[in-house]
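Per Swiss-Prot, these features apply:
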DOMAIN    1-129  domain 'C-type lysozyme'
DISULFID  CYS6-CYS127  disulfide bond
DISULFID  CYS30-CYS115  disulfide bond
ACT_SITE  GLU35  active site
ACT_SITE  ASP52  active site
DISULFID  CYS64-CYS80  disulfide bond
DISULFID  CYS76-CYS94  disulfide bond
Amino acid sequence: KVYGRCELAAAMKRLGLDNYRGYSLGNWVCAAKFESNFNTHATNRNTDGSTDYGILQINSRWWCNDGRTPGSRNLCHIPCSALLSSDITASVNCAKKIVSDGNGMNAWVAWRNRCKGTDVNAWTRGCRL
């Protein structure tokens, strides 16, 4: 599923991401835009053999199990396929664990490069939330 900007903001808010660990909703919407272009089915292979999955491009080396990543930790205790669902609950729950891990949203390279330090409120502007 490819979410609309405001549709995704509403879903993320409903699932408790707004101001989770101090990150406003705009940060999460911005991260999803530049990680997956709001597409829940996005997958990208990395040079180390791991793969990033779903709307927030969650990595199989640390966070989920795809059965093909050597030394996978699966810290969210989920199959990576769960992160490709049109229902973003699994992705959001895992993202909460990731953002609580010490580096905050810096864990997402696209957030660090494209969202951090910008006016992220623009991502939720005009949305009925």
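Just so it is clear, glycine is given a Cβ too, placed from its N, Cα and C backbone atoms.
With CYS76 (disulfide bond) as the anchor, the candidate recorded positions are CYS6, CYS30, GLU35, and the one with the nearest CA is GLU35.
Taking a C-beta cut-off of under 8 Å and a sequence gap of six or more, CYS94 (disulfide bond) has these contacts in its own chain: LEU56, ILE58, TRP63, CYS64, CYS76, ILE78, LEU83. Nearest by CA distance to GLU35 (active site), out of the recorded positions CYS6, ASP52, CYS80, CYS127, is ASP52. Mean pLDDT across the domain 'C-type lysozyme' (1-129) comes to 98 in this model.
Around CYS76 (disulfide bond), a 10 Å sphere centred on its CB holds 22 further CB atoms from the protein chains shown. Taking the Cα of CYS30 (disulfide bond) as the reference point, the closest of the disulfide-bonded residues CYS6, CYS80, CYS127 is CYS6.
A straight line from the CA of CYS115 (disulfide bond) to the CA of CYS127 (disulfide bond) spans 19 Å. Each residue of the domain 'C-type lysozyme' (1-129) gets a DSSP state, and the totals for helix, strand and coil are 52 helix, 14 strand, 63 coil.
In sequence order, THR51, TYR53, ILE58, SER60, CYS64, ASN65, ASP66 make up the list of same-chain residues 6 or more apart from CYS80 (disulfide bond) whose Cβ falls under 8 Å from its Cβ. For ASP52 (active site), applying a Cβ distance below 8 Å and a minimum sequence separation of six or more within one chain yields GLU35, ALA42, THR43, ASN44, ASN46, ILE58, ASN59, SER60. There are 23 other CB atoms within 10 A of the CB of GLU35 (active site), with all protein chains counted. Of the listed disulfide-bonded residues, namely CYS6, CYS30, CYS64, CYS115, the sparsest CB environment within 10 A is found at CYS6.
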